[in-house]
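Listed in TrEMBL:
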TRANSMEM  B:6-26  transmembrane segment
TRANSMEM  B:33-54  transmembrane segment
TRANSMEM  B:60-82  transmembrane segment
TRANSMEM  B:89-111  transmembrane segment
TRANSMEM  B:141-158  transmembrane segment
TRANSMEM  B:185-207  transmembrane segment
TRANSMEM  B:213-232  transmembrane segment
TRANSMEM  B:239-259  transmembrane segment
TRANSMEM  B:265-283  transmembrane segment
């Protein structure tokens, strides 16, 4: 006896709605087992994870701060991945966005104007976009694999930032420690409700970007082009869409959003450049994009959920002394369950008594349509 | 031991884990599966290799544990991407995340305990030959395994019928399925092989390179192995070249520093990555060459239709 | 099943939110940049925390968060700790500085202690260890033990702390052998065993016969052991990695300091200070002097005693900078501010300081 997947004629609305809950339920059960194994009361531990961080206002602010860069980057990646372009280097674009956006407050602190902050944000976006244009150019011009070039450029960006803050951009009044000068008040992204917590405008940028991206994807011709390009490159070619222009469009867009996330983080949450400005947001956002089923609005929910697991991990360490590694394992399990359960949207499980010989040779159109369908399952699980 | 000889030995040690992990990933990608979880499988191999050696007292049992743990861990990826048809990019990244956390948990009690080193080969007479003796006959056993793996993978992919079938699946799983090939079984085998190789590469780190266990001890080497596969445009012999070039550049930048070359070390550290990008561009400029070797259905999930 | 779990969770929520803390206990909290088992910097702090817990027993309750990235995450973690009832919080990485300042401002009743930083406040003290004192002793030993008169130094990042260590090591060596040379390799990492091992191999290949490191893993020690040369340990006693190799090691021993400060919080005598303790205070200790002849051992012990008594200050003139200009006149000692911002080599370092 074995099980096999059978593709549903259309995506299941039932499982679409149910899958996140199913995944969450499975995570709770597996998490309870994990915590019981390491000698913790499972209920207490799960409470620390998922409830404790939500019980206080200041903690909700922190959730917004943690989720904002994840959502902002993931929204851009969502669009990129929907068009079948694989930008894995958002981490690098985030860093370059932070660097370019910081040129004004670091090198020209005497330039005082209300324009400083908007200019910084703009420059951050441009920086991220230009950095993303490198793999886009290499892909469009030389057909170079964008996954690898964008990934390699992450390391280069990290080293560039490291060099800048330890060398030419080092704070002259900072005892030679590796950091730039603190930004002036006018260069700091304001807090939303300073009386209750320190959440800043970053989360607003993230939500606005998510809604705009969703509108573009579902309501505009460009969005249609992106979806066709992702679902069936051949069909897109017949429709006269240019794959090269698309590469540039989605890379520049995702790079700009990652850059905006970078400068927002630097200006809002950190207030200066440091040798590292991201604990891997660019990579985590890739997972957020998929958890959100490559839907910009889904990315919002996924970003908040993932941010919650970080906060929960800390809460569990403080209140129960659970190791940080357990938090990471738990996070990994959650991701696997969500990814696995989402399969049920497109496939149902059938039990077969024994292996049946593969069907007779299908003709070419059928084979290629199955290929497109398979691709669609992986590439475009989002709302249509 | 001469300077040139010892530099070459250092480079060989640095290149061996990259070569092994990249060869495994090459076979996986040739079957049309993209597993971005190499880093995670490698770190699991490193911790289980160390733990196996520490508990049994034999580094060889450690190596075996590393290989098995890597394979077992890759099975998780296989079940999700092949059977449950999840997205390969996201699943691979999650695998890395899980691997880093899980290895930390497994290894918690092994931090700081002295490691066992797999002894180097010693052939009386041959190893003592000046200049080439240590290079050819005096390295660690996993170095020789890596060379055998290289030859084996090359032969398998391009000289055997099974290898041809595997490549056919990577090029078009739909057509291969239509021809009656068990796509799923082949892909499972490929993913397990990739996991075993990553596990072996990890065990090399914790049993040969630096015989100890520390968290995150792979420090990004799994990602470099991934880059090497593309750098090599999916050809085993070019992986050998890439792995040793990468090893040479990273060792070379340390030598340049020790000689007092006044370039900011961050630029020297960035060289290997920039070199990979440049080589990627050079290789992919030749479209015909790339198209010939790139598995066309790489990264796409396959579910048999009937 | 899920419903049951949720129901249970709700029921437990009530009990979990009741703080189960005895009133007479002082809650001391720690935040680490690395994992508590990183084998280096963070582990040294956690070992100290465990010792504090063992020594003070019922009087103290300790809590920690590990692997906290520097930046906004640190601020959140610090705030969560401050809100969870911690009376004193030790922020154990330089990169937590500005976040600690911000949270300290918000919670004036909680005492904060920041390691290796330079910003303080009425409820924020700073503390550091004069690691360079230990490096001076290492330099003395190196000059005695090296046949080639040249040592290799594996450095992490060119911050004042590390530059200070390089200079102090060389000054110690020059006190024995004025022509002593030092080769420096920047690994650009605090912790990557394989990369540090590579750096050690490179230095040995280039002819040095003693290795010292300002990175935290035992990788270099293992390489030195394999190649049969001598080396110094860092952050913890690394004798297990090189029983025939380690000459001595600088061991971070934070526990006495932590016990003193937690005690001060308990009896109300805590006040904000900028503390830079050295060998005499026990904040760092030298691992046993091993693998050296008795006369070298005797010299090392004498040097240690002189530093402890204050008779010997490592940075005392005449000292020339690398470019040949005079830094300190004969008999003149450097002030702490210059040391804490040190960004130049002394004469004799065979390297260009990354700027």
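Positions of Cβ are set from backbone N, Cα and C atoms, glycine also.
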Chain residues in Cβ proximity to the transmembrane segment (B:60-82) (below 8 Å; excluding those fewer than six residues from its ends, i.e. six or more beyond): 33, 35, 37, 40-42, 44-54, 88, 91-92, 95, 98-99, 116, 118, 142, 184, 187-188, 191-200, 202-203, 206-207, 301-302
Contact call for the transmembrane segment (B:89-111) and the transmembrane segment (B:141-158): at least 3 Cβ pairs under 8 Å, seq gap 6+: no
Best-contacting stretch, by C-beta pairs under 8 Å, relative to the transmembrane segment (B:213-232) and drawn from B:6-26, B:33-54, B:141-158, B:185-207, B:265-283: B:33-54
Interface-richest range of B:6-26, B:141-158, B:185-207, B:265-283 toward the transmembrane segment (B:239-259), CB pairs under 8 Å: B:6-26
Interface present between the transmembrane segment (B:141-158) and the transmembrane segment (B:33-54) (three or more C-beta pairs under 8 A): no
Cβ-Cβ under 8 Å with the transmembrane segment (B:6-26): same-chain residues at least 6 beyond its ends: 35, 38, 42, 134-135, 139-140, 142-143, 145-146, 149-150, 153, 193-198, 200-202, 204-205, 208-209, 221-222, 224-226, 228-229, 232, 234, 236, 239-240, 242-244, 246-248, 250-251, 255
